[in-house]
Amino acid sequence: MQLGLSVSDSDVSSFTPLVVLELADDTKAEAITWLLNRIRDKQKNGGAELLVDQLLFPAQDGQKSNPNVFVVGSTLQRLLKGAEDVGLFKEFQDGIMRGFTYANRESFKDFYGDGEGFLSDAECQYIIKHELDTLRAKNEEHVPGYPKVKLYPGKSVVRRLQSKGVLVQYFPLHNKEDLKRLSFSWYKKIKLSFQPLDDIRHYFGEGLALYFGFLEYFTFALVPMALIGIPYYLFDWEDYDKYVLFAVFNLVWSTVFLEVWKRCSATFAYGWGTLSRKKAFEEPRAGFHGALGFNPITGREEPVYPSSKRQLRIYLVSVPFVLLCLYLSFYVMMVYFDMENWAISVYNENPNFGTGILLFVPSIIYAVVIEIMNLLYRYAAEFLTNWGEPEILLFSCSSFNNILITVFFFFVCFQFNFVNCFASLFYIAFVMQDMVLLRQSLATLLITSQILNQVMEAFLPYWLQRRRNKKVHKRMRRVMGDKELPLLEQVQLETEMNTYLGTFDDYLEQFLLFGYVSLFSCVYPLAAVLVVLNNITEVYSDAFKMCHVFKRPFSEPAANIGVWQLAFETMSIIAVVTNCALIGLSSQVKAYFPESETQMILIVVAIEHVLLAFKFILAFVIPDVPKDIQVKLAKLEFDSLEALKKRVSTHLYMCTYLQHANRKCDHLYDRPCQKVLHC
């Protein structure tokens, strides 16, 4: 079955393919025809007014290839009008970021001629995604050919097809030339310099660019702590009581680090046009289901889910499961301590090189188990979020990511990951009060987790992807011979690539590393050094996996790092309490209160409250947005109000004029002037 025009390398010049659309290979012909017509149809008729063609893959190894793979593109004029629809902000001639309008397109900086090159690839693909996502059902009661796949007026067609498995996937296509240039400037050339964040933003969008900006900022911010930590570690190797000053420095650093990042984030977001951008209302997630109800925001019928059922799911299933997992984490921790005691007893009985190595084995095993449990808990939390929070009537897909992160922070990061990664360190520090073991455990956890993360995140997926690429390349060459087939081969390769699931896991890793540094680095000053080394390799491995391991993700407009800012700030507050407690455990401090431990505790608590107050005052004093950007935002708001006033006054003048014209017409002809009334 062939529908529309087939695209080969000889005729693809009709338009530039930007997005790949793959339907199930057994999709009904009438459903395909209906969908393609809706994508091609004019906007005034409820279509997306996009260009779409079919890709025809040859049969491989005697097996028929999926015939329902399509490439989607657009005319430049349609993309420019779509840029206005999605609310893109671009730099105006006066240097201020303003909402793009097609009517005033020539007044924007960098708009020349017909606008070729004005929009980045990521923006073009985001516009196409938006147009596909907002392709809505009209009067159809069901998808043609699928009587059970019900539709209702206003329902997103693409989301419905996704939820029912008719639409397998759709993803943006890589631009090989741009990717080659980005790869060379980003990670192929090892150099001590800043990342090309603007290039990353143009190719992958603001969400990923902000993550790499945060990764770079975090790494540079750790350098002072690492430089102080190296001599501190070398000269105070056996003196664990001299960490008081380092703990105080740690507290000030964690606060300043986060507050300055807000300013950097605002600078990035303003320059990229996302700081003032209003996010469009999105559809409920594709996987959401429920009985039809009334959406008070859109005025349309959409699926709803009873709140009582949601509460029952949370309290009868989710909460008991959380408690079970926490119990499992504590149980594994106690097993680790038993193993640690056994290794120490073996070493004390027969101290030699072999038993000395054995001392590190329990910590390494525990670190590996922690990584495995974190992975399992991550899937468990995502499942429970999908299953226990189905009421997404007022939540868009991007909002779902925030829900997932929020739930994940308090449900996984704080409970599962926090307990997994930090419970043993808290136990060693404040129950056992063994600073030697604390330093050893922290070092082992850091090094082991960093090695495992690099292997699991980049090297293993890359190795698997290379094997798949070789198989696809051989199959295509065997079938097509010496014919040129860059597009067919590229689409085939990218279709089989893994899907990038977002920056959640990447931020989570940095969050845990920030916890290791801010909570306990005063007793192991090399923690900052290890994190700096990890983040340097992380930049290259993450850049590599984005360019060659995963499908290209759609751009996600972002003005900041979202609720992760709250997560990091919460961790910094916990760090104040932890470091003050470690200061109180110092023998130097205890020496000042030889007879009254209660007095020492009260003073430590008072200092902790003073430091927390100082932290909040510092956060208040440092503005989140730089002054020059505040002025530009205020000017933009002022110009918008002035334009609104002008529009209202013009409208009132026209109304007054028409009323006067009507009265004059009535007086002359003794009857209403139909022409003026009509106007």
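Just so it is clear, glycine is given a Cβ too, placed from its N, Cα and C backbone atoms.
Pulled from TrEMBL:
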DOMAIN    200-635  domain 'Anoctamin transmembrane'
TRANSMEM  208-231  transmembrane segment
TRANSMEM  243-261  transmembrane segment
TRANSMEM  314-337  transmembrane segment
TRANSMEM  357-377  transmembrane segment
TRANSMEM  403-430  transmembrane segment
TRANSMEM  511-533  transmembrane segment
TRANSMEM  573-593  transmembrane segment
TRANSMEM  600-622  transmembrane segment
The transmembrane segment (208-231) in contact with the transmembrane segment (511-533), cutoff 8 A, at least 3 CB pairs, sep 6+ | yes
Counting only residues 6+ away from its ends, which parts of the chain sit with a Cβ under 8 Å from the transmembrane segment (573-593)?
-> 241-244, 247-248, 250-251, 254, 426, 429-430, 433, 515, 518-520, 522-523, 599-601, 603-605, 607-608, 611-612, 615
Non-local residues, at least 6 beyond the ends, that sit with Cβ under 8 Å of the transmembrane segment (243-261) | 214, 217-218, 221, 224-225, 228-229, 232, 236, 514, 517-518, 521-523, 525, 565, 568-569, 572, 575-576, 579-580, 582-583, 586, 588-589, 611, 614-615, 618-619, 622, 624
